[in-house]
Amino acid sequence: MRQSKRYIAVTGGIGSGKSTVARLIGAMGYPVFSADAAARDIYSDPCVLAEVRRQFPACIRGGEVDRKALADVVFSDKAALRALDSITHPAIMRRLWDEMRAAQGGLVFAEVPLLLEGGYEDTFDGVIVVRRPREARIRAVIERDGLTREEVLSRMKNQFDYEKNPLNGHTVIENDGDVAALKAAVEQVVYAMEAEK
């Protein structure tokens, strides 16, 4: 029996264009959710805040998480990043799944930046990996976020390397052209998934 609803994750490294791919899918009329949106106020969750306060007390200012201070700590210390991820990722994914399950439609998409790092790929029916040449990713993040090259490289170092590691049969969209080419690739992939439903 075929499923009435399939859940598809869109992922990729920092600066790969996964948000653009998610927007293009949304423009096609499909529901698209974002782990980043689910994470925006994650530190207001009392359980999350209490655990961050316990593990990262120097990153609390006025009873709230100082995101910049926390980023400075975790992006320079892999153990600290793993500790933070173990606090935030489960809460973020619970929120994301609550939103996705409530959505209408046969295909429901979610942009999940750290899908493979968090080990969540098996919770989805399919995974779209967006890849982009490394230098293009670096330039895009510098322009978008105002980070230095070194800051971008530090963040990239802590992420799954989509260029060097096997993708285990996931669908890959190469973001190595203009927006029109990306749109065509997205449409081809999504329509193929729709046909599989």
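Including glycine, each Cβ sits where the backbone N, Cα and C put it.
Predicted, not measured: the structure shown is a model, and the values here were computed from it.
For Gly15, Ser16, Gly17, Lys18, Ser19, Thr20, the entry in TrEMBL reads ATP binding site.
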Task: Ser16 (ATP binding site): tally of other CB atoms within 10 A of its CB - done: 27
Open item on the list: So if I measure Cβ to Cβ from Ser19 (ATP binding site) and keep only same-chain residues at least 6 apart in sequence, which ones fall under 8 Å?
Closed with: Ser34, Glu111
TODO: Around the recorded ATP site, report the further residues of that chain (criterion: Cβ within 8 Å of the mean position of the Cβ atoms of Gly15, Ser16, Gly17, Lys18, Ser19, Thr20; site residues excluded), sequence-ordered.
DONE: Gly12, Val21, Val130, Arg132, Ala140, Asn175
TODO: Have a look around Gly15 (ATP binding site) and count the other CB atoms within 10 A of its CB, chains all included.
DONE: 25
Task: Chain-internal residues, separated by at least six, CB under 8 A from Lys18 (ATP binding site) - done: Val10, Thr11, Gly12, Glu111, Pro113, Val130
Task: Distant-in-sequence Cβ neighbours of Gly17 (ATP binding site), under 8 Å, six or more positions away - done: Val130, Arg132, Ala140, Asn175, Leu182
Task: Thr20 (ATP binding site), number of other Cβ atoms within 10 Å - done: 17
Task: Where Lys18 (ATP binding site) falls in three-state DSSP terms - done: helix
